[in-house]
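TrEMBL annotations:
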type	residues	note
DOMAIN	178-247	domain 'VWFC'
DOMAIN	285-352	domain 'VWFC'
DOMAIN	425-519	domain 'CTCK'
DISULFID	C446-C495	disulfide bond
DISULFID	C457-C511	disulfide bond
DISULFID	C461-C513	disulfide bond
Amino acid sequence: MKKNGEVARSFKEMALDWKVPHPTNRYCNPGVSQPSKIGYHQHCVPSNLCKIIWTLTECHNVVPPQPYYEACVASGCSEQHPSTECQSMQTYAALCGLHGVCVDWRRLTNGQCEASCPQDQVYKPCGEAKRNTCFSRKVMDTLPSQKSTSVFVEGCYCPDGKILLNDDDGICVSVCGCTAQDGSVKQPREAWEHDCQYCTCDEATLNISCFPRPCAKSPPINCTKEGFVRKTKPRLEDPCCTETVCECDIKTCIINKTGCDLGFQPVVAMSEDGCCPIFSCIPKGVCVFEGVEFKPGAMVPKSSCENCVCTDEQDPVTQTNHIQCLPVQCQTTCQQGFRSVEEKGQCCSQCQQEACVANFPFGNVTIEVGKSYKDPYDNCTQYTCTESAGQFSLTSTIKVCLPFEEANCVPGTVEVSSDGCCKTCIDLPHKCKRNVKEQYIVHGKCRSAAPVPVPFCEGMCSTYSVYSFEASEMEHKCACCHEKRSHKVKVELVCSDHKRVKFTYMYVDECGCVETKCPKRIT
């Protein structure tokens, strides 16, 4: 629909016809893009919302309802733009208002097209097109009155009895005034204080004018104490005004830092007539010896012949703590294997090792370096003491004897070694011993895959016959070369049918002469 009431052929034609010229609006230009086609179902049932247009009879004579009803139905039935009936209804009501006809259409929608407003404003279906503000009212009061055609516009307005403060803030006020720095509204000719300034609201222009608050002058002041300087700062009772005071500035002080001797520490005190620090030295409560400080209870190495300790008692002359010394208690005896030796520079003699000490059940035995001692309980063991680089070592030597069997000796030839450890003798000729031969083991139709070791015993043993005068008969001794120790060994045999079986035989570990009974000779 165009402004003259004619039906527009397209949305673009209608939009350009309602264009309002504005020098600062850079968005409204003829370059309107082609709208997408609105498709809808031919058999769509019109909603009750669109039918409200037919109830607004007071506007039918100025704005024909049929095109807007069809547009509303098309919007509601559109597949791409559903639920836009409220926009169509709003467009029709706005045209009615432009022609001076007020229609309260939203009240008939049962909340489906409800309008929302800011907290301090209310919705009006037929308000004035130009919203009055405190500033615009002042301007309009100075202009001659002009009669104009009534135009109604729906929207959010101030409640009855209130007016907009300005076009920007959207604040509704009962009485026009000025907007203060904190956002509050001040009444015309009202005065207030802000940021150390007196401010008033001009009744004619509703503008705020401020000027600095006057302050009383501070009396002249001289700072004579050391370390104090003149400074300007806000008054405690009135921060908006300043005053000149004397304030301590340690940077202006002349500080003489003195080093303290050992046993003393620096302290800082403030001067009585100023703010500058004064340095002095006080005792730490420690002992001092050869440039080293010692706390009470600590050992002080004054002399190797004395045990010295730092006490809590202060020396009145040096003002450091007193050092108390006692003679060292020396050890007078040394343990076994050590002897007492005097050393230069030492107060006490030192125990120095000179021999080894062997421990036995009956007691300790001292063994000198290079000497040996035979174990009284074991003729085959002896102990020897050695020394290397001051380190003493006691080593034991155990003599190992050759295997001895008296049965293999010629009778009467057994002897004991000079140290009493081992026995020796003259062996019998061809004495019994263990030999080994390699051979295949055959059992039935099975045979070992390779020769295996088979130990056996062979040799002579002592066998004799002698007349016994005590028994008045011949005595016989018979001994056989026999295995003394053996074990079983398993070997794998391969049979003629290619089967494998396990075979066990006796493996001789040791051979020796074993005495046996000689058969009595029958005469």
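A Cβ is built for glycine as well, from the same backbone N, Cα and C atoms used for every other residue.
Heads up, TrEMBL stuff is auto-annotated, nobody curated it.
The structure displayed is predicted, hence computed values, not measured ones.
Here the features listed in TrEMBL are placed on the structure.
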residue: C446; record: disulfide bond; CB count, 10 Å: 17
residue: C457; record: disulfide bond; CB count, 10 Å: 20
residue: C461; record: disulfide bond; CB count, 10 Å: 21
residue: C495; record: disulfide bond; CB count, 10 Å: 13
residue: C511; record: disulfide bond; CB count, 10 Å: 22
residue: C513; record: disulfide bond; CB count, 10 Å: 24
(Q) If I take the alpha carbons of C461 (disulfide bond) and C495 (disulfide bond), what is the distance between them in whole Å? (A) 41
Q.
Please identify, among the disulfide-bonded residues C457, C511, C513, the one with the smallest Cα-Cα distance to C495 (disulfide bond).
A. C457
Q.
Just to verify a number: CA distance, C511 (disulfide bond) to C446 (disulfide bond), in angstrom, no decimals.
A. 30
Q. If one measures from the C-alpha of C457 (disulfide bond) to the C-alpha of C513 (disulfide bond), what distance in angstrom results, rounded to a whole number?
A. 10
